[in-house]
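First up is the structure itself, then whatever we jot down about it.
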(Lines of atoms letter the chains of each structure in order from A and count residues from 1; the text may use other names and numbers.)
(Lines give C-alpha, C1' and ligand atoms only; values in the text may rest on other atoms or scores of the structure.)
Protein backbone atom coordinates (compact mmCIF):
# COMPACT_ATOMS: atom_id res chain seq x y z
CA UNK A 1 0.00 0.00 0.00
CA UNK A 2 1.79 3.08 -1.25
CA UNK A 3 0.87 6.67 -1.98
CA UNK A 4 -2.27 8.29 -0.63
CA UNK A 5 -4.05 5.05 0.20
CA UNK A 6 -7.83 5.44 0.41
CA UNK A 7 -10.20 3.09 2.17
CA UNK A 8 -13.94 2.60 1.99
CA UNK A 9 -15.25 1.70 5.39
CA UNK A 10 -17.64 2.49 8.18
CA UNK A 11 -17.67 2.55 11.95
CA UNK A 12 -17.55 -1.05 13.15
CA UNK A 13 -18.50 -2.09 16.66
CA UNK A 14 -18.04 -5.60 18.06
CA UNK A 15 -20.45 -6.74 20.77
CA UNK A 16 -18.55 -9.29 22.81
CA UNK A 17 -19.59 -11.56 25.63
CA UNK A 18 -16.99 -11.13 28.35
CA UNK A 19 -17.00 -12.60 31.87
CA UNK A 20 -18.18 -9.23 33.20
CA UNK A 21 -21.06 -9.07 30.72
CA UNK A 22 -21.65 -7.67 27.25
CA UNK A 23 -19.28 -4.92 26.13
CA UNK A 24 -18.86 -2.82 23.00
CA UNK A 25 -15.40 -2.97 21.50
CA UNK A 26 -14.29 -0.41 18.93
CA UNK A 27 -11.71 -1.47 16.29
CA UNK A 28 -9.26 1.11 17.70
CA UNK A 29 -9.09 -0.91 20.93
CA UNK A 30 -8.10 -4.12 19.16
CA UNK A 31 -4.72 -5.77 19.46
CA UNK A 32 -4.84 -6.44 15.70
CA UNK A 33 -4.62 -3.86 12.90
CA UNK A 34 -7.63 -1.96 11.64
CA UNK A 35 -8.51 -3.61 8.34
CA UNK A 36 -9.57 -1.59 5.26
CA UNK A 37 -13.31 -1.90 5.83
CA UNK A 38 -12.96 -0.47 9.36
CA UNK A 39 -11.39 2.87 8.39
CA UNK A 40 -14.24 5.28 9.00
CA UNK A 41 -12.97 8.81 9.80
CA UNK A 42 -12.92 11.23 6.87
CA UNK A 43 -10.93 14.44 6.45
CA UNK A 44 -13.30 16.79 8.28
CA UNK A 45 -14.02 14.29 11.04
CA UNK A 46 -10.27 14.02 11.66
CA UNK A 47 -9.93 17.82 11.69
CA UNK A 48 -12.69 18.02 14.31
CA UNK A 49 -11.23 15.26 16.50
CA UNK A 50 -7.65 16.53 16.43
CA UNK A 51 -8.71 20.15 16.92
CA UNK A 52 -10.76 19.08 19.94
CA UNK A 53 -7.58 17.48 21.29
CA UNK A 54 -5.78 20.82 21.00
CA UNK A 55 -8.64 22.89 22.45
CA UNK A 56 -7.86 21.73 25.94
CA UNK A 57 -6.33 22.86 29.20
CA UNK A 58 -2.83 22.06 27.92
CA UNK A 59 -3.00 25.05 25.58
CA UNK A 60 -3.62 27.28 28.63
CA UNK A 61 -0.44 26.07 30.34
CA UNK A 62 1.57 26.40 27.12
CA UNK A 63 0.34 29.95 26.54
CA UNK A 64 0.99 30.87 30.17
CA UNK A 65 4.58 29.62 30.06
CA UNK A 66 5.30 31.54 26.85
CA UNK A 67 3.46 34.68 28.02
CA UNK A 68 5.87 35.33 30.91
CA UNK A 69 8.89 35.25 28.56
CA UNK A 70 8.10 37.57 25.64
CA UNK A 71 5.41 40.03 24.47
CA UNK A 72 2.36 38.35 22.98
CA UNK A 73 3.19 39.30 19.38
CA UNK A 74 6.47 37.37 19.65
CA UNK A 75 4.86 34.60 21.67
CA UNK A 76 2.36 33.97 18.87
CA UNK A 77 5.23 33.59 16.39
CA UNK A 78 7.02 31.19 18.75
CA UNK A 79 3.86 29.11 19.28
CA UNK A 80 3.09 28.80 15.57
CA UNK A 81 6.68 28.01 14.65
CA UNK A 82 7.20 25.43 17.39
CA UNK A 83 3.86 23.62 17.21
CA UNK A 84 3.45 23.60 13.42
CA UNK A 85 7.05 22.83 12.38
CA UNK A 86 7.45 20.05 14.93
CA UNK A 87 4.13 18.47 14.04
CA UNK A 88 4.77 18.91 10.33
CA UNK A 89 7.83 16.65 10.67
CA UNK A 90 6.50 14.11 13.14
CA UNK A 91 3.11 14.05 11.43
CA UNK A 92 4.55 11.80 8.70
CA UNK A 93 4.17 9.00 11.22
CA UNK A 94 0.39 9.48 10.97
CA UNK A 95 0.55 8.47 7.30
CA UNK A 96 2.12 5.14 8.22
CA UNK A 97 -0.32 4.46 11.07
CA UNK A 98 -3.23 4.99 8.69
CA UNK A 99 -1.64 2.91 5.94
CA UNK A 100 -1.11 -0.10 8.18
CA UNK A 101 -3.86 0.53 10.73
CA UNK A 102 -1.92 -0.54 13.77
CA UNK A 103 -0.61 0.88 17.04
CA UNK A 104 2.72 2.62 17.62
CA UNK A 105 3.72 -0.03 20.15
CA UNK A 106 3.43 -2.67 17.40
CA UNK A 107 4.63 -0.96 14.25
CA UNK A 108 7.34 0.84 16.24
CA UNK A 109 9.12 -2.50 16.58
CA UNK A 110 10.29 -2.08 13.01
CA UNK A 111 12.08 1.12 14.05
CA UNK A 112 13.35 0.47 17.59
CA UNK A 113 13.34 -3.33 17.87
CA UNK A 114 11.03 -5.68 19.76
CA UNK A 115 12.54 -4.78 23.13
CA UNK A 116 13.52 -1.27 22.17
CA UNK A 117 9.96 -0.05 21.60
CA UNK A 118 9.01 -1.20 25.11
CA UNK A 119 11.95 0.67 26.64
CA UNK A 120 11.09 3.79 24.64
CA UNK A 121 7.39 3.82 25.51
CA UNK A 122 7.70 2.77 29.15
CA UNK A 123 10.86 4.81 29.80
CA UNK A 124 10.01 8.04 27.97
CA UNK A 125 6.45 7.94 26.66
CA UNK A 126 4.59 6.87 29.78
CA UNK A 127 6.32 9.24 32.27
CA UNK A 128 5.84 12.17 29.88
CA UNK A 129 2.21 11.28 29.25
CA UNK A 130 1.52 10.90 32.96
CA UNK A 131 2.86 14.41 33.41
CA UNK A 132 0.71 15.74 30.57
CA UNK A 133 -2.36 13.93 31.85
CA UNK A 134 -1.97 15.29 35.37
CA UNK A 135 -2.20 18.89 34.19
CA UNK A 136 -5.96 19.08 33.52
CA UNK A 137 -6.59 17.30 36.83
CA UNK A 138 -4.47 19.87 38.67
CA UNK A 139 -5.97 22.79 36.76
CA UNK A 140 -9.49 21.54 37.45
CA UNK A 141 -8.62 21.15 41.13
CA UNK A 142 -7.10 24.61 41.47
CA UNK A 143 -9.97 26.23 39.56
CA UNK A 144 -12.58 24.51 41.73
CA UNK A 145 -10.70 25.32 44.95
CA UNK A 146 -10.39 29.00 43.98
CA UNK A 147 -14.12 29.17 43.27
CA UNK A 148 -14.85 27.42 46.59
CA UNK A 149 -12.69 29.91 48.49
CA UNK A 150 -14.40 32.83 46.77
CA UNK A 151 -17.81 31.40 47.67
CA UNK A 152 -16.83 30.99 51.34
CA UNK A 153 -17.07 27.19 51.29
CA UNK A 154 -15.70 25.10 54.20
CA UNK A 155 -11.92 24.81 54.38
CA UNK A 156 -11.60 21.29 53.01
CA UNK A 157 -13.35 22.33 49.78
CA UNK A 158 -10.61 24.90 49.27
CA UNK A 159 -8.01 22.12 49.02
CA UNK A 160 -7.25 21.72 45.32
CA UNK A 161 -5.81 18.20 45.72
CA UNK A 162 -9.24 16.98 46.87
CA UNK A 163 -10.85 18.18 43.64
CA UNK A 164 -7.99 16.77 41.56
CA UNK A 165 -8.29 13.30 43.11
CA UNK A 166 -12.04 13.44 42.53
CA UNK A 167 -11.43 14.29 38.87
CA UNK A 168 -8.98 11.38 38.59
CA UNK A 169 -11.51 8.94 40.05
CA UNK A 170 -14.24 10.10 37.65
CA UNK A 171 -11.79 10.02 34.73
CA UNK A 172 -10.78 6.42 35.45
CA UNK A 173 -14.40 5.33 35.79
CA UNK A 174 -15.22 6.86 32.40
CA UNK A 175 -12.05 5.38 30.89
CA UNK A 176 -13.22 1.91 31.94
CA UNK A 177 -16.39 2.31 29.87
CA UNK A 178 -14.49 3.46 26.78
CA UNK A 179 -14.97 5.89 23.93
CA UNK A 180 -18.77 6.10 23.98
CA UNK A 181 -18.88 8.16 27.18
CA UNK A 182 -15.69 10.07 26.33
CA UNK A 183 -17.13 11.21 22.99
CA UNK A 184 -20.30 12.51 24.63
CA UNK A 185 -18.45 14.49 27.31
CA UNK A 186 -15.99 15.90 24.74
CA UNK A 187 -18.93 17.23 22.71
CA UNK A 188 -19.91 19.31 25.75
CA UNK A 189 -16.46 20.28 27.05
CA UNK A 190 -14.94 21.39 23.73
CA UNK A 191 -17.50 24.15 23.03
CA UNK A 192 -17.16 25.36 26.63
CA UNK A 193 -13.42 25.92 26.31
CA UNK A 194 -13.86 27.58 22.88
CA UNK A 195 -16.36 30.00 24.42
CA UNK A 196 -13.97 30.57 27.33
CA UNK A 197 -11.07 31.44 25.01
CA UNK A 198 -13.20 33.86 22.97
CA UNK A 199 -14.67 35.34 26.17
CA UNK A 200 -11.21 36.02 27.63
CA UNK A 201 -9.94 37.58 24.40
CA UNK A 202 -12.94 39.93 24.10
CA UNK A 203 -12.69 41.09 27.73
CA UNK A 204 -8.91 41.62 27.58
CA UNK A 205 -8.99 43.48 24.27
CA UNK A 206 -11.77 45.75 25.54
CA UNK A 207 -9.91 46.38 28.80
CA UNK A 208 -6.38 46.92 27.51
CA UNK A 209 -6.77 47.54 23.79
CA UNK A 210 -5.16 45.65 20.93
CA UNK A 211 -1.82 47.50 21.04
CA UNK A 212 -1.14 47.02 24.77
CA UNK A 213 -2.39 43.43 24.72
CA UNK A 214 0.08 42.41 22.03
CA UNK A 215 3.06 44.64 22.86
CA UNK A 216 3.30 44.79 26.66
CA UNK A 217 6.43 43.11 28.02
CA UNK A 218 5.91 40.63 30.89
CA UNK A 219 7.25 42.05 34.16
CA UNK A 220 10.72 43.54 33.92
CA UNK A 221 12.06 40.90 31.53
CA UNK A 222 13.89 42.46 28.57
CA UNK A 223 12.89 41.44 25.07
CA UNK A 224 15.89 39.45 23.81
CA UNK A 225 16.52 36.82 21.18
CA UNK A 226 17.47 34.44 23.99
CA UNK A 227 14.07 34.74 25.69
CA UNK A 228 12.36 34.29 22.35
CA UNK A 229 14.24 31.05 21.67
CA UNK A 230 13.36 29.74 25.14
CA UNK A 231 9.71 30.35 24.18
CA UNK A 232 10.33 28.50 20.90
CA UNK A 233 11.85 25.59 22.83
CA UNK A 234 8.67 25.32 24.91
CA UNK A 235 6.49 25.37 21.78
CA UNK A 236 8.71 22.80 20.05
CA UNK A 237 8.50 20.59 23.14
CA UNK A 238 4.72 20.77 22.91
CA UNK A 239 4.79 20.04 19.18
CA UNK A 240 6.91 16.88 19.50
CA UNK A 241 5.07 15.52 22.54
CA UNK A 242 2.37 13.63 20.62
CA UNK A 243 4.53 10.87 19.15
CA UNK A 244 3.27 8.18 21.54
CA UNK A 245 -0.45 9.01 21.17
CA UNK A 246 -0.52 9.81 17.46
CA UNK A 247 -1.44 6.31 16.29
CA UNK A 248 -4.52 6.14 18.52
CA UNK A 249 -5.93 9.24 16.82
CA UNK A 250 -4.96 8.62 13.21
CA UNK A 251 -5.12 4.90 12.40
CA UNK A 252 -8.93 4.89 11.70
CA UNK A 253 -8.63 7.65 9.03
CA UNK A 254 -10.07 6.92 5.58
CA UNK A 255 -6.98 8.14 3.72
CA UNK A 256 -3.41 9.17 4.39
CA UNK A 257 -4.23 12.77 3.52
CA UNK A 258 -7.14 12.65 5.97
CA UNK A 259 -4.57 11.62 8.55
CA UNK A 260 -1.60 13.93 7.97
CA UNK A 261 -3.14 17.33 7.17
CA UNK A 262 -5.73 17.30 9.99
CA UNK A 263 -2.92 16.33 12.38
CA UNK A 264 -0.95 19.45 11.48
CA UNK A 265 -4.05 21.66 11.48
CA UNK A 266 -5.43 20.27 14.74
CA UNK A 267 -2.47 19.63 17.01
CA UNK A 268 -0.30 22.27 15.32
CA UNK A 269 -2.24 25.31 14.11
CA UNK A 270 -5.24 25.00 16.46
CA UNK A 271 -2.98 24.50 19.47
CA UNK A 272 -1.03 27.67 18.65
CA UNK A 273 -4.27 29.65 18.24
CA UNK A 274 -5.58 28.38 21.58
CA UNK A 275 -2.40 29.62 23.28
CA UNK A 276 -3.14 33.27 22.48
CA UNK A 277 -5.78 34.02 25.17
CA UNK A 278 -3.79 32.56 28.10
CA UNK A 279 -0.67 34.16 26.63
CA UNK A 280 -2.24 37.62 26.89
CA UNK A 281 -3.51 36.89 30.40
CA UNK A 282 -0.14 35.69 31.72
CA UNK A 283 1.77 38.50 30.04
CA UNK A 284 -0.44 41.18 31.63
CA UNK A 285 -0.07 39.92 35.21
CA UNK A 286 3.31 38.13 34.85
CA UNK A 287 1.98 34.81 36.20
CA UNK A 288 2.50 31.55 34.31
CA UNK A 289 -0.18 29.57 36.18
CA UNK A 290 -3.39 30.02 34.12
CA UNK A 291 -5.62 29.73 37.20
CA UNK A 292 -3.68 32.37 39.15
CA UNK A 293 -3.51 34.61 36.07
CA UNK A 294 -7.27 34.39 35.47
CA UNK A 295 -7.96 35.05 39.15
CA UNK A 296 -5.64 38.08 39.10
CA UNK A 297 -7.05 39.65 35.95
CA UNK A 298 -10.63 38.37 35.91
CA UNK A 299 -12.36 41.09 37.91
CA UNK A 300 -16.11 40.51 37.90
CA UNK A 301 -15.73 37.64 35.45
CA UNK A 302 -13.28 35.55 37.48
CA UNK A 303 -15.83 33.14 38.98
CA UNK A 304 -17.48 32.54 35.60
CA UNK A 305 -14.10 31.95 33.94
CA UNK A 306 -12.88 29.52 36.59
CA UNK A 307 -16.14 27.54 36.62
CA UNK A 308 -15.95 27.22 32.83
CA UNK A 309 -12.29 26.20 33.04
CA UNK A 310 -13.09 23.51 35.62
CA UNK A 311 -15.89 22.03 33.49
CA UNK A 312 -13.81 22.22 30.30
CA UNK A 313 -11.05 20.15 31.90
CA UNK A 314 -13.24 17.06 32.27
CA UNK A 315 -12.67 15.97 28.67
CA UNK A 316 -8.91 16.45 29.05
CA UNK A 317 -8.89 14.41 32.26
CA UNK A 318 -10.17 11.34 30.38
CA UNK A 319 -8.06 11.45 27.21
CA UNK A 320 -4.61 10.36 28.39
CA UNK A 321 -5.71 7.61 30.84
CA UNK A 322 -7.76 6.05 28.04
CA UNK A 323 -4.96 6.04 25.47
CA UNK A 324 -2.38 4.84 28.01
CA UNK A 325 -4.72 1.98 28.90
CA UNK A 326 -5.03 1.10 25.20
CA UNK A 327 -1.24 1.16 24.85
CA UNK A 328 -0.81 -1.12 27.84
CA UNK A 329 -3.24 -3.63 26.38
CA UNK A 330 -1.41 -3.53 23.03
CA UNK A 331 1.95 -4.16 24.69
CA UNK A 332 0.69 -6.71 27.22
CA UNK A 333 -2.19 -8.56 25.47
CA UNK A 334 -2.92 -10.84 28.44
CA UNK A 335 -3.54 -7.90 30.79
CA UNK A 336 -7.24 -7.35 31.47
CA UNK A 337 -8.77 -3.98 30.62
CA UNK A 338 -9.71 -3.26 34.25
CA UNK A 339 -6.08 -3.68 35.33
CA UNK A 340 -4.89 -1.43 32.50
CA UNK A 341 -7.26 1.23 33.83
CA UNK A 342 -6.33 0.59 37.46
CA UNK A 343 -2.64 1.21 36.69
CA UNK A 344 -3.60 4.76 35.73
CA UNK A 345 -3.91 5.59 39.43
CA UNK A 346 -0.20 6.41 39.05
CA UNK A 347 -1.51 9.86 38.08
CA UNK A 348 -1.94 10.41 41.83
CA UNK A 349 1.85 10.76 42.14
CA UNK A 350 1.87 13.63 39.63
CA UNK A 351 -0.92 15.31 41.60
CA UNK A 352 0.90 14.96 44.93
CA UNK A 353 4.14 16.23 43.37
CA UNK A 354 2.96 18.71 40.67
CA UNK A 355 6.41 19.33 39.20
CA UNK A 356 5.17 18.99 35.62
CA UNK A 357 2.51 21.65 36.18
CA UNK A 358 4.53 24.08 38.30
CA UNK A 359 7.71 23.81 36.21
CA UNK A 360 6.07 23.24 32.84
CA UNK A 361 8.53 25.28 30.77
CA UNK A 362 11.53 23.41 32.19
CA UNK A 363 10.00 19.93 32.04
CA UNK A 364 8.60 20.29 28.51
CA UNK A 365 12.02 21.46 27.29
CA UNK A 366 13.65 18.32 28.71
CA UNK A 367 10.91 16.17 27.16
CA UNK A 368 11.45 17.89 23.82
CA UNK A 369 15.17 17.09 23.93
CA UNK A 370 14.20 13.41 24.27
CA UNK A 371 11.14 13.19 22.05
CA UNK A 372 12.38 15.60 19.36
CA UNK A 373 15.23 13.33 18.18
CA UNK A 374 13.09 10.22 18.81
CA UNK A 375 10.24 11.49 16.64
CA UNK A 376 12.52 12.62 13.81
CA UNK A 377 14.30 9.25 13.77
CA UNK A 378 10.92 7.48 13.85
CA UNK A 379 9.54 9.54 10.96
CA UNK A 380 12.72 9.18 8.87
CA UNK A 381 12.75 5.41 9.37
CA UNK A 382 9.16 5.20 8.13
CA UNK A 383 10.12 7.33 5.13
CA UNK A 384 13.21 5.28 4.24
CA UNK A 385 11.54 1.90 4.81
CA UNK A 386 8.12 2.53 3.32
CA UNK A 387 7.13 -1.14 3.42
CA UNK A 388 6.67 -2.91 6.73
CA UNK A 389 6.24 -6.62 7.38
CA UNK A 390 3.45 -7.00 9.92
CA UNK A 391 4.22 -10.68 10.45
CA UNK A 392 7.62 -9.68 11.84
CA UNK A 393 6.05 -6.90 13.95
CA UNK A 394 3.56 -9.30 15.54
CA UNK A 395 6.03 -12.12 16.17
CA UNK A 396 5.64 -13.63 19.65
CA UNK A 397 7.71 -15.75 22.01
CA UNK A 398 10.71 -17.39 20.41
CA UNK A 399 9.54 -16.21 16.99
CA UNK A 400 10.50 -12.66 17.98
CA UNK A 401 14.16 -13.61 18.03
CA UNK A 402 13.83 -14.96 14.49
CA UNK A 403 12.02 -11.89 13.16
CA UNK A 404 13.66 -9.24 11.02
CA UNK A 405 12.97 -6.62 13.68
CA UNK A 406 14.81 -8.33 16.51
CA UNK A 407 18.04 -6.56 15.46
CA UNK A 408 20.71 -6.65 18.20
CA UNK A 409 19.24 -8.29 21.32
CA UNK A 410 15.90 -6.65 20.54
CA UNK A 411 17.29 -3.15 19.91
CA UNK A 412 17.90 -1.30 16.64
CA UNK A 413 21.45 0.06 16.90
CA UNK A 414 21.05 2.97 14.42
CA UNK A 415 17.87 4.25 16.08
CA UNK A 416 19.08 3.99 19.66
CA UNK A 417 22.58 5.35 19.04
CA UNK A 418 21.03 8.25 17.12
CA UNK A 419 18.60 9.00 19.96
CA UNK A 420 21.33 8.88 22.61
CA UNK A 421 23.68 11.12 20.60
CA UNK A 422 20.98 13.66 19.77
CA UNK A 423 19.60 13.90 23.30
CA UNK A 424 23.06 13.99 24.89
CA UNK A 425 24.11 16.88 22.65
CA UNK A 426 20.86 18.75 23.31
CA UNK A 427 21.11 18.55 27.11
CA UNK A 428 24.84 19.35 27.01
CA UNK A 429 24.18 22.36 24.80
CA UNK A 430 21.19 23.66 26.81
CA UNK A 431 20.22 22.66 30.34
CA UNK A 432 16.64 23.91 30.86
CA UNK A 433 16.88 23.54 34.65
CA UNK A 434 19.96 25.73 35.12
CA UNK A 435 19.55 27.73 31.86
CA UNK A 436 23.21 26.96 31.13
CA UNK A 437 23.99 27.34 27.40
CA UNK A 438 27.24 26.19 25.77
CA UNK A 439 26.97 28.06 22.47
CA UNK A 440 24.97 31.28 22.85
CA UNK A 441 25.10 32.10 19.15
CA UNK A 442 23.86 28.67 18.09
CA UNK A 443 21.07 28.73 20.67
CA UNK A 444 19.90 32.23 19.69
CA UNK A 445 19.60 31.10 16.07
CA UNK A 446 18.35 27.51 16.33
CA UNK A 447 17.69 26.75 19.99
CA UNK A 448 18.66 23.29 21.27
CA UNK A 449 15.87 20.97 20.14
CA UNK A 450 16.39 21.46 16.40
CA UNK A 451 20.20 20.86 16.52
CA UNK A 452 19.64 17.84 18.80
CA UNK A 453 17.09 16.39 16.39
CA UNK A 454 19.37 17.05 13.40
CA UNK A 455 22.37 15.36 15.05
CA UNK A 456 20.32 12.39 16.22
CA UNK A 457 18.77 11.91 12.78
CA UNK A 458 22.13 12.29 11.02
CA UNK A 459 23.76 9.65 13.25
CA UNK A 460 20.81 7.31 12.66
CA UNK A 461 20.94 7.81 8.88
CA UNK A 462 24.68 7.09 8.65
CA UNK A 463 24.35 3.91 10.72
CA UNK A 464 21.24 2.86 8.79
CA UNK A 465 23.17 3.14 5.51
CA UNK A 466 26.00 1.07 6.95
CA UNK A 467 24.02 -1.59 8.85
CA UNK A 468 20.43 -1.90 7.65
CA UNK A 469 19.73 -0.40 4.23
CA UNK A 470 20.32 -3.41 1.99
CA UNK A 471 18.60 -6.18 3.93
CA UNK A 472 15.64 -4.14 5.24
CA UNK A 473 14.66 -3.19 1.70
CA UNK A 474 14.77 -6.85 0.64
CA UNK A 475 12.36 -8.09 3.33
CA UNK A 476 9.53 -10.34 2.20
CA UNK A 477 6.50 -8.05 2.05
CA UNK A 478 3.84 -10.65 1.32
CA UNK A 479 2.53 -10.26 4.87
CA UNK A 480 0.19 -7.28 4.81
CA UNK A 481 -2.79 -6.12 6.80
CA UNK A 482 -5.05 -8.32 4.64
CA UNK A 483 -3.74 -11.40 6.48
CA UNK A 484 -5.58 -10.25 9.58
CA UNK A 485 -9.02 -9.75 8.01
CA UNK A 486 -10.11 -13.31 8.74
CA UNK A 487 -8.98 -13.02 12.35
CA UNK A 488 -11.11 -9.91 12.79
CA UNK A 489 -14.23 -11.99 12.24
CA UNK A 490 -13.22 -14.46 14.91
CA UNK A 491 -14.05 -12.90 18.29
CA UNK A 492 -12.00 -15.46 20.18
CA UNK A 493 -8.85 -14.38 18.38
CA UNK A 494 -9.92 -10.74 18.26
CA UNK A 495 -9.87 -10.25 22.01
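A Cβ is built for glycine as well, from the same backbone N, Cα and C atoms used for every other residue.
Any TrEMBL annotation is an automated prediction that lacks curation.
Since the structure is predicted, the reported quantities are computational estimates derived from the model, not experimental observations.
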Would you please say which range out of 11-32, 363-384 has the annotation transmembrane segment in TrEMBL?
363-384
Tertiary contacts of the transmembrane segment (260-281), as residues 6+ beyond its ends and Cβ separation under 8 Å:
43, 46-47, 49-56, 58-64, 66-67, 72, 75-76, 79-80, 82-84, 86-88, 91-92, 94-95, 196-198, 200-201, 204, 213-214, 235, 238-239, 242, 246, 249-250, 253, 290, 293-294, 297
Is it true that the transmembrane segment (448-467) and the transmembrane segment (73-97) have 3 or more CB pairs under 8 Å, sequence gap of 6 or more?
no
Grab the same-chain neighbours of the transmembrane segment (117-140) for me: Cβ-Cβ under 8 Å, and only residues 6 or more beyond its ends, written as numbers and ranges.
56-58, 60-61, 104-105, 108-109, 111, 160, 163-164, 167-168, 171, 241, 243-245, 290-291, 309-310, 313-314, 316-317, 319-321, 323-324, 327, 331, 346-347, 349-351, 354-357, 360, 363, 367, 370-371, 374, 411
Looking at the transmembrane segment (339-357) and the transmembrane segment (160-178), are there 3+ C-beta pairs under 8 A, with each pair at least 6 apart in sequence?
yes
For the transmembrane segment (363-384), give me same-chain residues lying six or more residues beyond its boundaries with a C-beta closer than 8 angstroms to one of its C-beta atoms, as numbers and ranges.
62, 65, 86, 89-90, 92-93, 95-96, 108, 110-111, 120, 124, 128, 131, 230, 233-234, 236-238, 240-241, 243, 355-356, 415, 418-419, 422-423, 426-427, 430, 432-433, 448-450, 452-457, 460-461, 464, 469
